[in-house]
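The feature region 'Disordered' is assigned by TrEMBL to A:386-500. Annotation source TrEMBL lists compositional bias 'Polar residues' at A:448-464. Look at TrEMBL and you will find A:588-630, A:806-848, A:931-973, A:1013-1055 tagged as repeat 'ARM'.
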Amino acid sequence: MGQTLNRAASWTAASDVGKGRLEFTPRNEAILNSIIRFVEEFPLKHVKESKLVFKLPLEWETSLQASEFNFGGYQSIDGSVVSSEVNDKTGKPLFSLTKKDIGGNILHVWTIEQLVTVLKVAETKKLREARACLEANRDPLTKILGDGYATVEGEDMTLLRLMESIIKDETEKARGGSVSNSSGRESTPSKTSLRLLMLIQQLDVQLLNDSIKLMSKEVRLTPDVVAAQVQLVESLSGQDRNKYLVESIEYTSDMVNPQGFRTPLWRQVHGDICYLKARTFDKDNIFITANISGVYEIQGFQDNGDMNYDRIGEIHRDLISFLKAKSSVFAENLANQDFTLYTVGMADASGNESGLLCSDGSEPSTPKLENVKVSVEKDKLQKQAVNKNLSTKAGSRKVELSAKQKTPIGDENQRSASPKQVQAKRGMKTKPVPATWQKAQLLAQDEGTLSPSDRLQKASATSRRSTHGKAPPSEVMSDSSSESEEEEGTHDRRQESSDLPSEYWQIQKLVKYLKGGNQTATVIALCSMRDFNLAQETCQLAIRDVGGLEVLINLLETDELRCKIGSLKILKEISVNNQIRRAIADLGGLQTMVGLLQDPNKDLKCLAAETIANVAKFGRARRTVRHHGGITKLVTLMDCVPLTSAMTPEIEKEVKVARCGALALWSCSKSRKNKHAIRRAGGVPLLARLLKSAHENMLIPVVGTLQECASEPFFRLAIRTECMIEDLVKNLSVKNQELQMHCSLAIFKAAEDAETRDLVRKYGGLDPLVSLLANNENKDLLAAVTGAIWKCAISRDNIKKFQELKAIELLVGLLHEQPEEVLVNVVGALGECAQVPGNRAAIRKAGGIPPLVNLLTGTNQALLGNVTRAVGACALDPENMVIIDRLDGVRLLWSLLKNHNPEVQACSAWAICPCIENAKDAGEMVRSFVGGLELIVSLLKSEHHEVLASICAAIANIAKDEENLAVITDHGVVPMLAKLAQTNDDKLRRHLAEAIARCCMWGNNREAFGEAGAVAPLVKYLKSPDEKVHCATAKALYQLSKQPNNCITMHESGVVKLLLNMVGSSDDVLQEAAAGCISNIRKLALANEKAKYSS
Amino acid sequence: MASIIAKKNQAKLAENIYKHTHFNRLEVEELLKIYRKLTPEKLDRTKFRDVLHNTFNMTDDILMDRVFKAFDKDNDSFVSMEEWVTGLSVFLKGTLEEQMAYCFVVYDLNGDGYISREEIFHMLKNSLIRQPTEEDPDEGIKDLVELALKKMDYDHDSRLSFSDFKQAVELENLLLEAFGPCLPDAKAADGFLATFTGVTV
């Protein structure tokens, strides 16, 4: 018994002072019960031994009261002390119960017989008494038989000693013959005590055996227990150190044998169940071995990839206690949640009455822990839901609705152990799905970009979810795993279920198999899922709504090639849906897919790239791809064998990989930073190489990528230098409208550069472009082609070519009934063509003027800009002007000055200039516009140089009419022009000088300009490199020099020297103006001298 | 002396069989060496299963036995040298056509030329996690069997003939190993090939 108590029974930590307490563990309970049974049966079997008087009484504090011993054989002394009537030889009572000072009673017992009585009296409190007794008498044998029999470590000699003493007695007795009675009397108790000792030791051995059996049951870990614990910890892993216990935990191997072991056979011999890799918040990767004998840390993977199975540190009972010891954050977070556990535990215990034997929370804690986790998770979810509600005020009703309904789903994920278990078995990384899922939902709903039909879909999806409960009976049967949560959500889900398509339930079933099956079942389920019409939105959303997306994405992280391929095949098809795309991105699918781009399997690479191409249709996804190094990997995919070699199946596959890479890059290249990333990754030469391919399906993504990237100057340069123009032009003649369109778009964007425009002509690209104008059906193509023509027409040489090809007539024909995208480009092209005088007449003859003027009433800013330019260019031809005037075009142009777009303002003002120049009776016309002159003067306050320059040009033209000049002078044009004189912009300088020159013609404007300080800055204009500025400035200075004060200012500014240079100019106007100015200054000087002499 | 004769025989055998495989002569010789290392006699079921388990990570008992049967063409419960080389040729480097035939033999448990509903059930019965709560734990499996049949049974006779199987696999390559892994994954195959192709290069 002593050995058992010492070894097997677990004492609480306070036991070091000798006054320890027995822990409430099932094992201790079993020991106590055995001891009680032993004691109770003892007097019946061994009458003599039970009466043996102990050397010292067993003494303990009891909860029994004196009054309970009021039956025969016991006498009560003054109600507090009870003693037995049976006394030993010395007259001591064999039993006594005395009251302690503090309260409570002390029992003294001398025989086992009396012990039995005590136990009888105690009845239900037996266990407690026994425990108290053993706690007070840690080694009962010393009390019973004396100190010589204390339990000692190592060899126990007591029995031998006792035997020897008995044998000695016996021999003495034999020697002494039948001598004294006393010796005989003495030998009897020693024999009795021997028997008692042996009996007790027998009990001890038996107890030890029993507890070892119990212990071994507890300590041995089984694969099931380990799997359950890993799954538990896994479900509590995540990034947030405040919420989760560990960052991540995963198996190092996915192979599971039927017994649940995940270790190589030769390690199973050592009892290793599995190896785990965990990231705690305190320490990075820890490699853990779950052995049958316990959990411990091992060295883990070495640099050479081999596993080192050497143990580090001690063995722990299970995974939880191991992590508790390893990670303080784990212990801390566990403690927080343990608090809840204890309350739950207590509640259980109180209901359990026994009280004494409630679990101490350490041993069988696992199942309860899980319980608590669920409740904690639930709390979290609810909190999240509340937060979301607060943060999204707009449309909060809707959000609230969905949040409410998502909560049970979160539970579903927590509750139904099956999917988790499977995922754990497959070694997947499970994520805290509910939170992200919910977020995804909410994000999707908050997105303002959803079209009304999308919203409708969303609503129906929600209602679909809400009808989950009322399935046809057969469906419920097949779905029995989720029965528990079915009940929870029933009340708010029971709504019209009839409108749910049958696919929904079938897909739900398949997703269940995906979750709960091994790779074989998964592949069958994946293949069956592909039989659904995945292009249909109901199916796409059904997969999402039943939680299929998470599973599909999780599958991508497994090692099973076929599962990955099957999953991607589905993801590829359903990701055409905008909502699915976002959900995939939210669930972190892109990161995984980017990782798969490096897989050695080509099919897998292709599928991953194609899916990325579908998902990366919105900015956030494109950014994710870039951040995870996806662009570089995609560019690498395009690096395939030269396309010229013969097509074997092997090469064909490589070409397909390259195509898929280009496809994904095309999607990604819509972001500016991605374009740069493509260049940095060396994508340009690869694109150039693939552009030489003869396959349309390869060319489309390549050209598509090129045309997206061509918006960046560096890429335009690359397109030119890598000789891609030639290929682009060549592909214009390919009979594929999509390809033609992308080529045209690429040329449209690349032709911003003059050299590129020349190259297009050089490679004969203008002919196919013009011939494509005949295609009136495909508006996208038409827009792209007209755009390319527009940009190409910026080069004069190209215009000549267009003239030859009669492009103008074709373009004019396109001015009718075309979408705005086409019109913008057509008008832009006409505007460029009209810069060449001959074409203006051509436009008129083709009947282009009236539609152009009509377009002035439009609202599209880009279109208006081009139209005003075109009309302005046409107005340079007097015959055109007649038509424009007749159509009241000038008034329309003038009203466009009020447009808030500065570009349109400038273009209209420029267009007005030739109109005034060429219109008959222009002065009268201008005056007829009510408020027109005031408007134009007020535009001198604009901040845009282009607008200012154009307005100055217009004012210069308006001021030719004296009456109008008078009006604008009244509107204060002089000080406003003077204020602009400080500018450095040559274009503005030129037109400003022009305007000043004209405005000098009225009243005392010359003096006014001088006073406003416009003269000195004007002199500086003569230093400008632009000759046109010189000419205009000279004219202005000539006009201003007619006023003596201005001459003085000019002279002081050193104008003479500058003008003297101008006199030698080849430009007559400049020459004359400069000479006139100098002459005026000279005249003033002469007059001055004359005045001096005369005085 | 005896070993020299054995070696000569081996070389002769290699010469004879390499043309019918996807291996070259040197590779065949290496394979035969491996065979010799595995067993001094003929390769029996247990040893062969050890190879499948340790080298190719196979775990399914039913299928491992069936793979053995598929290798053991003359049905003498041993895999001979020739069977070893020709079997591995399909196993590691076989064309889709060859592997389809091989897989069909593996899955046709009773060898009657058809994969029956019961055979599929037998092979799939461990493929789902059983829910203790479910009334009929086999229901999921049965359903899975139906899905597989629906997908692959083109002539609707409730069993898969080779032509059914072939048609389905040609349409969807993933179905090649529809009823359990019986071919090595790429990593294991490459690993095994690397052990002897490296020598020949």
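For all residues, glycine too, the Cβ spot is worked out from N, Cα and C.
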Long-range neighbours of the repeat 'ARM' (A:588-630), counting only residues six or more past its ends (CB under 8 A): 431, 436, 549, 553, 556-557, 561, 564-565, 568-569, 571-572, 575-576, 578, 581-582, 636-637, 653-654, 656-657, 660-661, 663-664, 666-668, 670-671, 673-674, 677, 701
Helix, strand and coil counts within the repeat 'ARM' (A:1013-1055) (DSSP): 31 helix, 0 strand, 12 coil
Cβ-Cβ under 8 Å with the repeat 'ARM' (A:1013-1055): same-chain residues at least 6 beyond its ends: 977-978, 981-982, 986, 989-991, 993-994, 996-997, 1000-1001, 1006-1007, 1062, 1065, 1067, 1069-1070, 1073-1074, 1076-1077, 1080-1081, 1084
DSSP-assigned states of the repeat 'ARM' (A:931-973) in counts, ordered helix, strand, coil: 34 helix, 0 strand, 9 coil
Mean predicted confidence [pLDDT] for the repeat 'ARM' (A:588-630): 91
Structural state census, the repeat 'ARM' (A:588-630) (DSSP three-state): 32 helix, 0 strand, 11 coil
Residues in the repeat 'ARM' (A:806-848) grouped by DSSP into helix, strand and remaining coil: 30 helix, 0 strand, 13 coil
